[in-house]
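Sequence annotations record features per position, and here Swiss-Prot assigns active site, nucleophile to D336 based on sequence analysis. Marked as active site, proton donor by Swiss-Prot on the basis of sequence analysis: E371. The region 'Disordered' annotation in Swiss-Prot covers 459-484. Annotation source Swiss-Prot lists site 'Transition state stabilizer' at D443, citing sequence analysis.
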Amino acid sequence: MTQLAIGEATPHGATYDGHGVNFTLFSAHAERVELCVFDSRGNERRYDLPGRRGDVWHGYLAGARPGLRYGYRVHGPWQPAQGHRFNPAKLLLDPYARRVEGELKDHPLLHGGHDEPDYRDNAAVAPKSVVISDHYDWEDDAAPRTPWGKTVIYEAHVKGLTYLHPELPQEIRGTYKALGHPVMVAYFKQLGITALELLPVAQFASEPRLQRMGLTNYWGYNPMAMFALHPAWASSPETALDEFRDAVKALHRAGIEVILDIVLNHSAELDLDGPTFSLRGIDNRSYYWIRDDGDYHNWTGCGNTLNLSHPGVVEYACECLRYWVETCHVDGFRFDLASVMGRTPTFRQDAPLFAAIKACPVLSTVKLIAEPWDIGEGGYQVGNFPPPFAEWNDHFRDAARRFWLPRNLTTGEFACRFAASSDVFKRNGRAPGASVNLLTAHDGFTLRDCVCFNQKHNEANGEENRDGTNSNYSDNHGKEGLGGPLDLMERRRDSIHALLATLLLSQGTPMLLAGDEHGHSQHGNNNAYCQDNALTWLDWQQANRGLTTFTAALIRLRQQIPALTGDSWWEEGDGNVRWLNKNAQPLSADEWQNGPKLMQILLSDRFLIAINATLEVTDIVLPEGEWRAVPPFAGEDNPVITAVWQGPAHGLCVFQRG
């Protein structure tokens with residue numbers, strides 16, 4: 001058998017230098033590593049990796065070029081009780097693969113074995129890693145670096161956002177190309193968002209259970225290859241990387257940042273009955289949190305949990321993040337189930353991965369957003385992430401819904417959440433922007449469904465409506481479903497307007513779910529992770545244009561209010577905020593805790609938000625001075641209101657002084 005040259009231990013993965021390819025693989029417990037390369041007919045040739053520096057195996061294959069398909073067979077002990085599951089019969093993906101050929105199918109040959117190893121060779125059906133050359137001309141691309149105080153995030157799915165857009169060329173709808181098309185860029189600018197946050201774009205797989213049901217994983221939270229773009233949204237797998245970078249470049253030219261939702265908490269290998277295609281066969285003990293009995297700690301609900309306190313896995317995670325920043329110029333990340341990142345196994349603010357990110361000059365300067373929980377003991381960590389992380393604020397989400405949709409919530413609690421939840425986030429030197437405020441997200445009801453459904457309707461997911469949360473804090477306004485008489489539809493509209501105004505005019509970083517500005521509905525499905533169909537795709541032809549205009553006007557208004565864009569905590573007497581009752585007097589202690597849901601919020605001494613969240617029309621006395629309602633609550637030529645606003649039930653209006 002031909003020998004490989006010894007090569008180098010860095011950089012990690014498969015690196016083409018113009019003359020050949022250097023291969024590396026981390027495995028602390030392997031006894032031998034074989035590089036397997038495949039020709040166009042699927043014939044396999046194996047080479048032992050001859051070099052080892054620390055826990056990194058390496059070798060250099062002269063003459064190898066981009067397009068070469070390869071994988072690894074890793075030899076070592078089969079000792080499940082100790083967490084070792086080496087099985088050289090299974091061809092394994094390179095964790096650093098930049099491109100993958102083939103899908104992860106529900107095939108018996110892909111299972112490595114439970115108690116005993118499965119020695120059937122899987123090369124015929126296993127996905128293959130592919131060597132790439134990632135040269136790209138970024139021209140004059142520059143990161144927008146929008147300050148947190150001026151950031152407005154728009155969470156979207158690559159396919160669902162554009163698949164039904166009638167103004168886009170048919171062949172690019174639902175693809176990376178569509179994201180940077182002038183039609184979409186113009187829409188983003190008109191709406192006023194500053195950052196496009198994409199659901200996972202790293203290559204993912206559909207779980208075997210879904211495949212057997214004829215469904216697919218639509219959202220993408222089942223990662224298969226963390227460095228490779230999901231190929232289904234590109235013209236071809238070969239062009240995916242450049243098409244994505246073209247989109248990033250176009251968005252940057254328009255001043256729009258790109259944030260990636262990334263899944264560093266588990267892999268698509270799932271539990272012990274899941275497929276063995278990469279990490280489990282490379283070094284199960286190092287990559288995953290292993291219980292004393294050899295099974296996995298399942299703090300993710302997905303069968304396994306990545307051990308992000310292990311030095312080799314910390315390095316893997318950081319290199320992955322740096323790859324997306326340096327090679328694809330993304331501007332930040334939203335981390336799924338991010339409490340896993342801080343597990344040691346208990347959560348710690350000085351966990352190894354947090355320390356590594358903070359020390360990295362590349363990663364510490366991009367936007368980092370945590371989903372601050374997992375399902376394990378001690379997994380709920382809202383407010384506890386270290387700088388420079390921002391966090392999804394579920395306190396804001398729940399409080400906004402409970403305030404405007406008939407639930408029990410005090411004025412004081414609402415004000416606290418409106419003020420960026422300072423009781424939660426004003427620590428460790430963090431600014432208000434650390435509170436990422438949201439009403440809705442990809443998981444849960446859409447905003448329209450929040451006002452149309454009291455109960456989830458997830459039957460299409462095939463789990464007899466057991467999946468998805470039951471804590472929706474929603475209100476159908478008297479009738480379950482989308483339709484209803486005119487007065488009911490008007491009440492729903494008013495609730496949506498009030499909720500959007502609360503989101504977009506509160507302190508903190510607002511995140512808008514794509515489609516909420518259209519009135520998009522998922523017909524009560526609050527867990528549409530497996531619905532790659534018209535239920536989740538945005539229907540641009542049926543979009544509520546008036547609601548879109550209303551939302552855009554709110555975002556424009558937000559950018560005019562220094563108290564919101566300054567990203568500094570409000571202090572008494574600083575001129576940023578005053579909290580008033582319906583008579584324009586400071587709220588009393590009793591009104592904060594027991595009063596009706598009536599208040600006025602004066603921002604920057606110029607903008608007044610009058611709130612009537614009661615069920616009755618109520619007169620609200622405005623502060624001294626001349627006030628006029630501003631768009632989207634009135635036209636440009638608005639009469640001056642000098643004294644009283646007659647606030648409709650569940651109503652909100654914004655006035656500007658003078």
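Any Cβ shown, glycine's included, is placed from N, Cα and C.
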| query | Near E371 (active site, proton donor), which residues of its own chain have a C-beta under 8 A away, given they sit six or more steps off in sequence? | reply | R334, F335, D336, L337, A338, E391, W392
| said: Please list the DSSP helix, strand and coil residue counts for the region 'Disordered' (459-484). | reply: 3 helix, 0 strand, 23 coil
| remark: If you rank the recorded positions D336, D443 by how many other Cβ atoms lie within 10 Å of their Cβ, the lowest count goes to D443
